[in-house]
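Asks: So TrEMBL has the following annotated:
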type     : residues : note
REGION   : 1-20     : region 'Disordered'
COMPBIAS : 1-11     : compositional bias 'Basic and acidic residues'
TRANSMEM : 26-48    : transmembrane segment
DOMAIN   : 26-361   : domain 'Major facilitator superfamily (MFS) profile'
TRANSMEM : 68-88    : transmembrane segment
TRANSMEM : 100-119  : transmembrane segment
TRANSMEM : 157-176  : transmembrane segment
TRANSMEM : 196-214  : transmembrane segment
TRANSMEM : 234-253  : transmembrane segment
TRANSMEM : 265-284  : transmembrane segment
TRANSMEM : 304-325  : transmembrane segment
TRANSMEM : 341-360  : transmembrane segment
Amino acid sequence: MSKPASEHSEFAHSPTQDDLEEDEEFTFSLFVMGNIFALCFLVLAGAWSSTVPSSAIPFIAQRFPNEAGQAAWIAAAPSVMGAILQAIIGDLSDIFGRRAFLQAGCVVGTVGMIIGGRATSIKMLIGGQVLNGLGNASMFLASALAQEIVPKRQRPLLLAAITTVTSVSYICGPILEGVCIKQKVGGILEGWRIGFYIGAALWAITLAFITTLYHPMPRPNPEGLSIMQLLRKVDWLGIAFCSTGVTLFLVGLNYGGNPYSWDSAVVLGTLIPGLVVSLCFVLWEWKGTKTGLMHHDLFVDRNYVLTVYVRVVGGIALLGGQAYLPQVAASVFETDGLTTAVWQLPMTVSSMIGSVIAAFF
């Protein structure tokens, strides 16, 4: 019989004897700092490659006016690919090792940013963004892996540091790109390419850091299961429902209004199946399995549910602002790339300050 939520909540806030012993044994050695630095740099590269393309969408659309109707996919393509890969990358990294997935993400991210920087059409740029989205999935994995390195009581400070690193990219990326656009670096409406090239360099440097500094401990396997046995325990049906439902729904949202009307067959033909498959995912995780992607033990403590809710609301505000605020600012108020980037500073700076304050509570 499960404990009441109040009992679980009290337990979540009370340090156990194991926690205290873990704190006493832990030290920030050079080895530990090297691992943390490599992961933080990966987050820096991932944040750069996720915010720089989105902030340049208005100017990319001006550069390729004949394809401007497809410009929204510059921001949407990485989101779709990330939604698919994030459903599976955690389980597979447990089985095949963390570092290999991070290294693969760096390589794919480097290629994606180079393709984006060299793009001769929006279609080519979207192709680069698909690869970029695959690389960005390693950024979200790195945020979780960093918490494995330090004791529980140190994790809020580490998350604050990761958010601060992320904010550095969110601040510097659009501003530097805005300067290049304003100064017509590379030609008129060509300055946005510099942000892609810098992103490729950051991914390449990150690959070197992950290879030399990040050395995770092997995952425990007390049952001695083989790789095939571990793969059979993965919630493949849940992954299929989740990735298919999210992909169809996001495609429908991005097609709606531009270039197709909301009541068109193309939009409804993706939105409705996406909602149906997503409902199947919810029902499967609720009634079909207790140890799938949405492991039931996670939802015993109400603190976890509240944390997920806050993360969803905050993510909508943060990622939505990064993707669409630059487009609105450039289209309605200002055509200057630098000014458009500066207008994003209040949101980014307040996010950084808020994360640091939250780490102490």
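Just so it is clear, glycine is given a Cβ too, placed from its N, Cα and C backbone atoms.
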Asks: Mind checking which residues of the chain, 6+ beyond the ends of the transmembrane segment (26-48), have their Cβ under 8 Å from one of its Cβ atoms?
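Replies: Result: 102, 105-106, 109, 135-136, 138-140, 142-143, 145-146, 149-151, 154, 158, 161-162, 165-166, 168-170, 172-173, 195, 198-199, 202-203, 205-206, 209-210, 212-216.
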Asks: Looking at the stretches 100-119, 196-214, 265-284, 304-325, 341-360, which one shares the most CB pairs under 8 Å with the transmembrane segment (157-176)?
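Replies: So the stretch in question is 341-360.
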Asks: With pairs restricted to those 6 or more apart in sequence, evaluate whether the transmembrane segment (234-253) and the transmembrane segment (196-214) have 3+ C-beta pairs under 8 Å.
Replies: no
Asks: Which residues, given as numbers and ranges, are at least 6 beyond the ends of the transmembrane segment (304-325) yet have a Cβ under 8 Å from it?
Replies: 50-51, 54-55, 57, 75, 79, 170, 298, 343-344, 347, 351
Asks: Which range out of 100-119, 265-284, 341-360 gives the transmembrane segment (196-214) the most CB pairs under 8 Å?
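Replies: Result: 100-119.
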Asks: Could you tell me the mean pLDDT the prediction assigns to the domain 'Major facilitator superfamily (MFS) profile' (26-361)?
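Replies: It averages 87.
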